[in-house]
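Trainee: Feature list, courtesy of TrEMBL:
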BINDING   Glu47, Ser48, Gly49, Lys50, Ser51, Thr52  GTP binding site
BINDING   Ser51  Mg(2+) binding site
Amino acid sequence: MGCMNSKDISPEMKEQGKHSAAIDKVIRADKKKYDRTVKILLLGAGESGKSTIIKQMRIIHSGGFPIDERRQTRAVIYSNMIVAFKLLIEIMEAENISFEHEATEPLAHFIQSSEADVECDEAFTDIKVREAVKTMWEDAGVQKAVARGHEFALHDNLH
């Protein structure tokens with residue numbers, strides 16, 4: 001009589017009610033998460049920093065990048081560096097820019113014979129390549145070619 005059910009609820013109905021409540025809880029949690037999601041539309045010309053902004057936001061708000069993604073990015077940077085130095089050597093040859101130190105020239109030949117493997121997890125571990133790049137970078141002739149990089153298709157990030 002009154003506000004109470006006159007029949008007992010079957011165990012099957014109780015189980016369905018619990019299951020429904022669990023689903024409702026998941027839906028509420030998903031909605032709360034969705035409502036907190038901020039979507040950003042970044043517009044701009046190529047090479048204007050859109051990807052950089054996203055990466056910085058990810059570092060600041062998401063705790064950075066996973067280890068496997070760091071390895072992959074490191075390998076891409078290594079590859080880009082080798083390609084850029086090969087191009088730099090070609091520019092120096094085409095423009096008759098000589099190395100300040102004669103000892104740098106064999107290093108340039110070594111870099112030209114090096115292959116940049118983007119699939120490799122061990123980027124920057126070849127000490128010979130690392131030292132060759134470092135020594136070449138310190139050469140005044142290389143710096144002269146870098147300063148004229150805007151005249152050629154030299155990557156901006158080599159500066």
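Here the Cβ of each residue, glycine as well, is placed from N, Cα and C on the backbone.
Fair warning: this is a prediction, and the values are worked out from it, not measured in the lab.
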Trainee: List the residues of the same chain that sit at least 6 positions away from Ser51 (GTP binding site) in sequence and have their Cβ under 8 Å from its Cβ, in sequence order, or write 'none'.
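Mentor: Same-chain residues close to Ser51 (GTP binding site) (Cβ under 8 Å, separated by 6 or more): none.
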Trainee: Going by DSSP, is Ser51 (GTP binding site) part of a helix, a strand, or coil?
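Mentor: Reduced to three states, the DSSP call for Ser51 (GTP binding site) is helix.
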